[in-house]
């Protein structure tokens, strides 16, 4: 909130005061809705309560510190990874700002890479921030053009979007916890701080990448369907599927569940948004997208300047990146053609995964059943997001962290399971810096194991819930 108000021109002192007042009001509102069972929790579970308070204070401190950088780009010392020049000056949001300007100026192909960087990847800047390349479907330009109509100042864009996306993520965390309900939902709410106070989440908020909004918004759309608000869910899911392709696999999820009313609203809004984009933006962005950008995206050519750097390949969690890592490690036959073929085979596998998840989801109303459904949504989203040629660890691990938090909330806090899950949460915070960390073969091997481990975890979530559902069906029969 502080960053958003500062970006809108509010004095820093006033913005800070308003943010504190809003936080206190929210805390008072929430305290009146906590379950009576939490009374006396400090005495019964002193150590856990103290650890959670430390975690909460850490989350407030880290977010507040980052907010000062989002309100003032010169305060790079308050950024995530301040020792790494790339992380300090990178801005995913800048691609949308630049594309909006290009479209307004009548440029027919807003996907031309050299409009955002030099021929060999030389950086172009907006202020002190490096401009990213625009790669989103044409309907996303509606949002970019709206932003440009509201403000020409990129500093305002950056600060306000930080507040908006952060609020959306926080709302999704709270909404899932309340929907699950009961003691299990309360554990989810308390442990969600682990997902918020993570390097991937806070760094992605800093960069302004839409990925967090796509994940959080997709989950909120599924919650809307669960509550019978099909128009809201359909509008939200359609908008997200037209902005990032991977939420579209939740549309398949709905098809396999035969939730025709939800599909009707999603399809209707999808057609409406496409027609609106064509009328408002014209046909040029659509022609450029299908004739120029999509073919290059499908082969990975869009990322040619990025893939020239081995450390970028090391941080790539996509299936395409898995093949690239094997190639750099000397495995024969792992060229671009193999990467493309593996990506398409993975696409087919994703359809099967969505079908399996839909069958396993069920319609149980108890807290455990709801937790399992939320896990399935996130697993489908996480696995589907890896279909893109490039999914950096920065934002590629957000849904993964959320999955781990839900799993941690659902296990008994004794034995090896909570220790294993907490260890995985620590591992999911690892991000490859651009500064030298270790010899390249070791880095590639480490990130390859890291990538395979977490893909297996997501597949295990889907498979585990499906097996549980299948056993239940057999018992009932």
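We number each residue from 1, going along the chain as drawn.
Just so you know, glycine gets a Cβ as well, placed from its N, Cα and C.
In TrEMBL, annotation is done automatically, which means it is predicted and not curated.
If you look up TrEMBL, you'll see 14-35 (among others) marked as transmembrane segment.
Residues annotated as transmembrane segment in TrEMBL: 47-71 (among others).
Sequence-distant contacts of the transmembrane segment (160-180), counting only residues of its own chain at least 6 positions beyond either end whose CB sits under 8 Å from a CB of the stretch, comprise 1-5, 7-8, 63, 67, 70, 93, 151, 186, 188-189, 192, 195-196, 201, 205-206, 208, 210, 212-213, 215-217, 219-220, 223, 226-227, 367, 370-371, 374, 402, 406. If you look up TrEMBL, you'll see 160-180 (among others) marked as transmembrane segment.
The transmembrane segment annotation in TrEMBL covers 186-202 (among others). Within the chain carrying the transmembrane segment (186-202), a Cβ under 8 angstroms from the stretch's Cβ atoms is held by residues 34-35, 38, 52, 55-56, 58-59, 62-63, 66, 80-81, 169-170, 173-174, 176-178, 180, 212, 371, 393-398, 401-402, 404-406, 408-409, 425, 428-431, all 6 or more beyond its ends.
Residues or ranges marked as transmembrane segment in TrEMBL: 231-255 (among others). When Cβ-Cβ distances below 8 Å are used as the criterion, the transmembrane segment (231-255) is approached by residues 136-137, 139-140, 143, 210-211, 213-214, 217-218, 220-225, 262-270, 272-274, 350-351, 354-355, 357-358, 361, 377, 380-381, 384-385, 387-388 of the same chain, each at least six residues removed from its ends.
Proximity of distant same-chain residues to the transmembrane segment (262-281), defined by a Cβ-Cβ separation under 8 Å and at least 6 residues beyond the stretch ends, is recorded for 103, 138-139, 141-142, 145, 225, 230-231, 233-235, 237-239, 241-242, 251, 254-255. Among the features that TrEMBL reports, transmembrane segment is placed at 262-281 (among others).
Annotation source TrEMBL lists transmembrane segment at 338-358 (among others).
Per TrEMBL, the feature transmembrane segment maps to 370-388 (among others).
For 394-411 (among others), the entry in TrEMBL reads transmembrane segment.
The transmembrane segment feature in TrEMBL is assigned to 418-437 (among others). Proximity of distant same-chain residues to the transmembrane segment (418-437), defined by a Cβ-Cβ separation under 8 Å and at least 6 residues beyond the stretch ends, is recorded for 81, 83-87, 194, 198-200, 203, 311, 314-315, 393-394, 397, 400-401, 404-405, 407-408, 411-412, 443, 447, 450, 453-454, 457.
As annotated by TrEMBL, transmembrane segment applies to 443-467 (among others).
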Subject >> the transmembrane segment (338-358) in contact with the transmembrane segment (394-411), cutoff 8 A, at least 3 CB pairs, sep 6+ >> reply: no
